[in-house]
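Enquirer: Input: one structure, supplied below.
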Amino acid sequence: MSLKVNLSFNGGMELLFNNLKQKTVEIPASMNNSNPTTMKDLIRWIRDNLLQERPELFVSGETVRPGILVLINDADWELEGELNYEVKEADDIVFISTLHGG
Amino acid sequence: MSRLCVICKEERASVKRPKTGEKLCRNCFYHIFETEVHCTITDNKLFKSGDRVAIAASGGKDSTVLAHVMKTLNDRYDYGLDLFLLSVDEGITGYRDDSLETVKRNQQQYNLPLKIVSYSELYGWTMDEIVKEVGLKNNCTFCGVFRRQALDRGAVMLNIDHIVTGHNADDIAETVLMNILRGDIARLERCTEICTTGDGRIRRSKPFKYAYEKEIVMYAYFKKLDYFSTECVYSPNSYRGHARAFLKDLEAIRPSAIIDIIYSGEAFQIKQDVKLPTQGAESWIAERKIHGEMPENIATMLHFDQLQIEEGSRKNESDKDKKREEGEEKGEKNEW
């Protein structure tokens, strides 16, 4: 079983992904035993499969580095349960760095 | 569904406001964000009708949102301001040339007159050439001092009364922290001021003083504003980088930390009878020698002055003194 999700990297985030701004990826529907894939799993998956350089600028522990905004289907992920959100088919997930430029 | 906007109670919430924890839909978020900036402007009586106001525009998120919001508020509340975009071209290939393209698009999108002043035109040097000459050690200090002056000069050319910059709450909280970490009490007192007046005429202010970076970025994202987000090729100021990372860690635990730090900075006052070291260039140098960091700055600055003299630049002595004094303002975040 797998899920297709649309990822976007904005605000300078794309620089860590070889200038990749958007990509639809296929991820396992379950990564942690038989539990549904959560944002926590997805972030680890992105780090291991897509990230090109300097993982410390993307992840901090199990979550994204403070200062990176995450939107799930155009809503602040803080409204969606953050790391515990269960990823669904065709979700749009956006990572925006706020740490670049003024 | 429990995810309704706490204000209109109709639309689905899209943003959790860091300052208050409120869950808001997009339209209520826009309204609250803009109204807060409006209140910041009116409570502090930043402008008067007929003012010619330049928005310091770098093409980055803060100044792009500032241009959008200033234009919106000027129309909505009839401030009666003449708005301009004022940009500085430092001459940094692969960075400023691209961001200026963004500013040129903003000029069209917002229908505001744009003036670009360049280091090469004002000083006879580009940042690329300066870095070639002085290396990457203190280039950001230079660039900050020069940019400040360049903005003033551009403002004079446009007969501007007031320059607004995109410094946001996060930037100001960072500066408070940095001034504390450096023991720089004089700047600590000044750095939270919303409006300052340089040498007499042109006022400078920060309408986003209380606006969180998260809100600015969310606003830009939802409104699909066109901004440029590449780090300067000459690398960021690492000391500020640490302060920033620390602040973001604090914000993750307690979002009010940013506004709380600004309030602490504002509340910080030195008793009238406490004498601070004088702020002349000499004492500044003497004072900095203690720390062992700044003399290189001074040496590089003097070196650069020397180069300019040798180049037969049109700068005179009083200009140089002014530049050194302005160097003291460098407590402020370099980006706009």
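Placed from the backbone N, Cα and C atoms, the Cβ positions cover glycine too.
What TrEMBL says about a protein is an automatic prediction, not a curated fact.
Sharing the feature lines straight out of TrEMBL:
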- B:Ala56, B:Ala57, B:Ser58, B:Asp62, B:Val88, B:Gly166, B:Asp171: ATP binding site (BINDING)
- B:311-336: compositional bias 'Basic and acidic residues' (COMPBIAS)
- B:53-232: domain 'tRNA(Ile)-lysidine/2-thiocytidine synthase N-terminal' (DOMAIN)
- B:309-336: region 'Disordered' (REGION)
Enquirer: Roughly how wide, in whole Å, is the group B:Ala56, B:Ala57, B:Ser58, B:Asp62, B:Val88, B:Gly166, B:Asp171 that binds ATP, by largest Cα to Cα distance?
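Expert: Result: 20 Å between the two most distant Cα atoms.
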Enquirer: Write out which of the listed binding-site residues, namely B:Ala56, B:Ala57, B:Val88, lie with a C-beta under 8 A from a C-beta of chain A, sequence order kept, or 'none'.
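Expert: Out of B:Ala56, B:Ala57, B:Val88, none lie under 8 Å of chain A.
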Enquirer: On the 0 to 100 scale, where does the mean pLDDT of the domain 'tRNA(Ile)-lysidine/2-thiocytidine synthase N-terminal' (B:53-232) fall?
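Expert: In the predicted model, the domain 'tRNA(Ile)-lysidine/2-thiocytidine synthase N-terminal' (B:53-232) has a mean pLDDT of 91.
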Enquirer: So if I draw a 10 Å sphere around the Cβ of B:Asp171 (ATP binding site), how many other Cβ atoms end up inside it?
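Expert: Other Cβ atoms found within 10 Å: 27.
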Enquirer: What does DSSP assign B:Asp171 (ATP binding site), in three states?
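Expert: SS state of B:Asp171 (ATP binding site) = helix.
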Enquirer: With every protein chain in view, how many other Cβ atoms are within 10 Å of the Cβ of B:Asp62 (ATP binding site)?
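Expert: Cβ-Cβ neighbours of B:Asp62 (ATP binding site) within 10 Å number 29.
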Enquirer: Might you list, by sequence position, any residue in that chain lying six or more from B:Val88 (ATP binding site) with a Cβ less than 8 Å away from its Cβ?
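Expert: Sequence-distant Cβ neighbours: B:Ala56, B:Ser58, B:Ile116, B:Val117, B:Ser118, B:Tyr119, B:Arg147, B:Ala150, B:Leu151, B:Gly154.
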Enquirer: Other Cβ atoms within 10 Å is the metric here; tell me which of the binding-site residues B:Ala56, B:Ala57 scores highest.
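Expert: In terms of Cβ crowding, the pick is B:Ala57.
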Enquirer: By a simple count, how many Cβ atoms lie within 10 Å of the Cβ of B:Gly166 (ATP binding site), its own Cβ left out?
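Expert: The Cβ of B:Gly166 (ATP binding site) has 27 Cβ neighbours within 10 Å.
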